[in-house]
Amino acid sequence: MAGAGLSTPSGIPDFRTPGTGLYDNLQKYNLPYPEAIFDIHYFMMDARPFFTLAQDLYPGVNYKPNVGHRFLRLLHEEKKLQMVYTQNIDGLERLAGVPDSKLMEAHGTFATASCTLCGKIHNPDRVKEAIIDGDIPIMCEAAMCKGKVKPDVVFFGENLPSSFWDYHHHVHFTDLLLVIGTSLEVYPFAGIVDTVGKTTPRVLINLNSVGSLGSRSNDVILAGDLKDSIWSLTKALGWEEKLKNLEEKYDSSEE
Ligand code: APR
């Protein structure tokens, strides 16, 4: 399970860390409350705050995966990865090589786009171009529809992808749950941690303790910066060389 903390080493602020979190830095948008930037009703009224943020956050434009994302790829290569459930919309797990079949982007993705009124699917590249050029709002192409188009990022007030609920199946076959870089403040995503069986160890990799982690005798808390925790876990697994190679491989593919 991953949250915005997984991407802070890539330079993307998380939401709730006091001072640096996104929700502490939205003054310029004059929002009624911070989460309004991801609220579908507010978006219908004024889409500019979201699109201004999207211009900066657009996946694969300004940011690249970090060691945390590559650790997920390494778990896959070592045949230990069942599924990555992420709340992040930055697409960095995919950029680091986590296969689509093992990635559930519970809060949606920029990879597709649709009309918020009639649901018509739109060309994501055209939507990306319009967002980056600041040519917004993007109106629906369907005749007679006056809807606004947005990337398929899940806003407050919208449903999560139906396949998110497959987690009830996955948790039964999970030997271990890793919870990385999330405050576990937002449901239903946060609820996953309490559905794994009592005999399944839950490992929290986070600056601080969150949610119910620590309440079970077999919970493990790796508190501190996730970069340090990931490297110490990798050392304990004897996978240091493999993780280093992944970094070189990625950097070479970056050119
Ligand atoms: N190392 C370890 N932990 C970190 C690091 C780091 N380098 N950076 C941040 N964290 C931790 C923070 O301490 C915090 O507990 O990651 C967590 C991030 O929490 P949030 O900012 O609340 O982000 P997240 O849990 O993903 O938010 C969930 O809220 O607004 C919605 O849709 C949005 O998906 C988002 C959801």
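From the backbone N, Cα and C atoms, a Cβ is placed for every residue, glycine too.
Copied from TrEMBL, the annotated features are:
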type	residues	note
DOMAIN	1-240	domain 'Deacetylase sirtuin-type'
ACT_SITE	HIS107	active site, proton acceptor
BINDING	CYS115, CYS118, CYS140, CYS145	Zn(2+) binding site
Between CYS118 (Zn(2+) binding site) and the residue listed as 'active site, proton acceptor', what C-alpha distance do you get in Å? 20
Using Cβ atoms only, which residues of the same chain lie under 8 Å from CYS145 (Zn(2+) binding site) while being at least 6 residues apart in sequence? CYS115, LEU117, CYS118, LYS120
Look at each of the binding-site residues, CYS118, CYS140, and point out the one with the fewest other Cβ atoms around it within 10 Å. CYS118
With respect to ligand 1, which members of the recorded positions HIS107, CYS115, CYS118, CYS140, CYS145 satisfy a Cβ distance under 6 angstroms to one of its atoms? HIS107
Would you mind reading off the Cα separation of CYS140 (Zn(2+) binding site) from the residue listed as 'active site, proton acceptor', to the nearest angstrom? 22
Number of Cβ atoms other than its own within 10 Å, given for CYS115 (Zn(2+) binding site): 20
Under 8 Å Cβ to Cβ from HIS107 (active site, proton acceptor), same chain, six or more residues apart: give me those in sequence order, or none if nothing qualifies. THR86, GLN87, ASN88, ILE89, VAL153, VAL154, LEU160, PHE189
Three-class DSSP assignment, CYS115 (Zn(2+) binding site), comes back as strand
Using an 8 Å cut-off from the Cβ centroid of CYS115, CYS118, CYS140, CYS145, can you name the remaining same-chain residues around the Zn(2+) site, in sequence order? THR116, LEU117, GLY119, LYS120, GLU141, ALA142, LYS146, GLY147, VAL149
